[in-house]
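To keep things clear, I will list the structure first and then write my remarks on it.
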Amino acid sequence: MQVFPPPQVPLLGAHTSTSGGLQNAIYEGQEIGASTVQMFTANQRQWRRRPLTDDLINSFKTALEETSLSYIMSHAGYLINPGAPNPEILEKSRICIQQEIQDCLSLGITFVNFHPGAAVNDTKEACLDRIVSSFSLVEPLFEDSPPLVVLFETTAGQGTLVGSTFEELGYLIDKLKHKIPVGVCIDTCHIFASGYDITSPGSWKQVLKNFDDAIGLSYLRAFHLNDSMFPLGKHKDRHAPLGEGDIGMESFKFLMTDELTRMIPKYLETPGGPDLWTKEIRQLKSFQK
């Protein structure tokens with residue numbers, strides 16, 4: 001079981017488009033001034049995946065070589081619910097998890113990011129245990145495999161979603177860390193929506209302490225950078241451009257400059273597309289000068 005070490009330089013990017021081929025997400029990253037990107041490796045709203053061909057894999061790896069982008073993150077599909085109480089949904093989710101991981105290994109991707117799951121009409125405790133079981137099934141894929149880290153993304157706490165507290169994510173990490181390479185991706189909008197105040201350096205330091213106590217900072221492997229259209233603790237997952245929401249730009253300046261967070265890869269998911277991301281990347285980089 002191999003794990004990529006943390007990067008030696010700050011990495012910043014956005015969720016770019018795979019329209020016309022997976023490699024185009026990499027080239028779009030270069031165009032917006034990114035050093036990394038997040039992408040979908042398959043249609044995020046369908047159960048079925050198109051099989052990877054050798055040509056597609058080679059085109060993707062060529063794009064990585066030509067651009068020098070690294071620590072690429074794949075965002076798994078939205079239909080996947082590893083903790084589903086419905087047996088049919090659970091089985092489909094487990095098949096998709098295996099296929100997603102296999103494709104990421106073939107492509108040489110560093111991170112594969114999953115929404116933890118939803119309890120639906122069951123308890124969160126039972127949901128968490130099913131998530132552990134779902135990801136335990138892929139342990140054989142990581143024997144003698146290229147490095148790949150499974151990330152669980154923080155959620156906004158809406159509905160029956162699990163993963164809105166560090167304690168819930170800590171439970172998953174603790175149960176899985178000796179089986180597969182695992183970590184956490186903090187979405188700034190999501191944790192703000194779930195009640196974690198990150199509007200100032202002081203509040204961020206407290207949140208990072210809480211994370212360390214519940215999970216361990218070594219498992220914080222990535223950030224999704226998003227401002228929030230709604231106030232603290234409203235459990236609304238609505239992204240806003242950086243500095244134009246209720247979180248504020250001071251929060252993102254902290255992440256770019258603090259010793260604990262500056263080297264952790266960061267991926268923009270703000271609404272606005274490539275033109276906005278180019279500006280946001282330029283502004284975020286300016287904080288480190």
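Don't overthink the numbers, they just go from 1 along the chain as shown.
From the backbone N, Cα and C atoms, a Cβ is placed for every residue, glycine too.
Database features (Swiss-Prot):
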BINDING   HIS75, HIS115, GLU153  Zn(2+) 1 binding site
BINDING   GLU153, ASP187, HIS224, GLU269  Zn(2+) 2 binding site
BINDING   HIS190, ASP237, HIS239  Zn(2+) 3 binding site
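Taking the features listed in Swiss-Prot, we show where each one sits on the structure.
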residue : record                : contacts (Cβ under 8 Å, 6+ apart)
HIS75   : Zn(2+) 1 binding site : HIS15, GLN38, MET39, PHE40, GLN44, ASN113
HIS115  : Zn(2+) 1 binding site : ALA76, TYR78, ILE80, GLU153, THR155, LEU161, GLY163
ASP187  : Zn(2+) 2 binding site : GLU153, THR154, THR155, ALA156, PHE223, HIS224, ASN226, GLU269
HIS190  : Zn(2+) 3 binding site : GLU153, THR154, THR155, ALA156, SER164, HIS224, ASN226, ASP237
HIS239  : Zn(2+) 3 binding site : CYS189, ASN226, ASP227, SER228, MET229, GLY245, GLU269, THR270, PRO271
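All protein chains included, ASP237 (Zn(2+) 3 binding site) registers 19 other Cβ atoms within 10 Å of its own Cβ.
Surrounding the centroid of the Cβ atoms of HIS190, ASP237, HIS239, where the record places Zn(2+) 3, the chain contributes additional residues within 8 Å, namely ALA156, ASP187, CYS189, ALA193, ASN226, SER228, LYS236, ARG238, GLU269. Apart from HIS75, HIS115, GLU153, the Zn(2+) 1 site neighbourhood in this chain, defined by C-beta within 8 angstroms of the site C-beta centre, holds ALA76, ASN113, PHE114, LEU151, PHE152, CYS185, ASP187.
For GLU153 (Zn(2+) 1 binding site), the Cβ neighbour count at a 10 Å cut-off comes to 19, with all displayed protein chains included. Sorted by the number of other CB atoms within 10 A, the binding-site residues HIS224, GLU269 start with GLU269, the lowest. Secondary structure at HIS190 (Zn(2+) 3 binding site), taken from DSSP and collapsed to helix, strand or coil, is helix. Cβ atoms within 8 Å of the centroid of the Cβ atoms of GLU153, ASP187, HIS224, GLU269 (the Zn(2+) 2 site) belong to the same-chain residues ASN113, THR154, CYS185, ILE186, THR188, CYS189, HIS190, PHE223, LEU225, ASN226, TYR267, site residues excluded.
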